[in-house]
Amino acid sequence: MSGLLHDRLTKGDRLEVLRGPGTRGFPLVRHRDTSPLLHRHAWVVALAAGALLYLIVERALVDTGNVNFVPSLILLGALVVPVAFVTFVHGRSATWSVSLPVLLVAAVFGGVVGTVTAGLFEYDTVRKLGVLPTLGIGLIEESAKLVVPLLLLMLGTRIAGRSNGLMVGVTVGMAFAALETMGYAFTALLQTQGDLGAVDQVLLLRGLLSPAGHAAWTGLACAALYRRPVEPRYSLWRFVATFALVVVLHGLWDSRSDWWWYLGVGAVSLGLLALEARRGLREPART
């Protein structure tokens, strides 16, 4: 019997056998990443290809002065890091079962619905109150980003579970960040009367910071949200606590503009996301 088990574990899905207190001699089996090498490092290809395309478009814009290249420049600059980071997260584990069409729907609709909803609520709040605290911004934006993930979850529980929620959340968060970055880059272009250096700075800074911001926050919130249907003991209050933490992190992020502040809050946010992803590795893949 033990020989058959060993044979299955070594030739199958690279399952890890753990023996510890409380197991009574029975193996505790944990799924580990079975992604091919190319899949695990596809984010490098996405990052390099995106950066190359951006440089090509920028060079063409500088050489020709043709403003028709500006939309392509902003679009590529805003998408390079988000696409690479989503690809990176997806390649870390085989435990998620979210299909590519679902992720595309989450990205497109989640990003658009999130930015529009947040923008309308923020505008309405400022118009009525005259001011919007950073915690208010965090509450509005984090709530808006959960609209589409919640709708996807309500359509069926096949994508429920911590890992699937994290994957959907990171995707929506990155789409939201990309659309925001496009808006800021376009604003910088207008305010500086066409200074490409200012646009480059906005795209680079917001692109590098986006994984530690919207991606981490929405990933954490969705991971908690998607646990509820498959874990009866997971109380609603635990999701509320996670969501409150996300709102606080977002509020802290917006409260200052110092690089060391972004570094500190971003490190905490990414650390929590990495911890949540690691916990998700212990779950069996959902099919």
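Note that Cβ sites are derived from N, Cα and C of the backbone, with glycine treated the same way.
Feature list (source: TrEMBL):
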{"type": "TRANSMEM", "residues": "37-57", "note": "transmembrane segment"}
{"type": "TRANSMEM", "residues": "69-88", "note": "transmembrane segment"}
{"type": "TRANSMEM", "residues": "100-121", "note": "transmembrane segment"}
{"type": "TRANSMEM", "residues": "133-154", "note": "transmembrane segment"}
{"type": "TRANSMEM", "residues": "166-190", "note": "transmembrane segment"}
{"type": "TRANSMEM", "residues": "202-224", "note": "transmembrane segment"}
{"type": "TRANSMEM", "residues": "236-253", "note": "transmembrane segment"}
{"type": "TRANSMEM", "residues": "259-277", "note": "transmembrane segment"}
Count, for each of 100-121, 166-190, 202-224, 259-277, the Cβ pairs lying under 8 Å from the transmembrane segment (69-88), and report the range with the highest count. 166-190
When only pairs 6 or more apart in sequence are counted, do the transmembrane segment (202-224) and the transmembrane segment (259-277) reach 3 or more Cβ pairs under 8 Å? yes
Contact set of the transmembrane segment (236-253) with the rest of its chain, CB cutoff 8 A exclusive, min separation 6+ beyond the ends, reads 133-135, 137-139, 141-142, 213, 216-218, 220-221, 223-225, 227-228, 261-262, 265-266, 268-269, 272
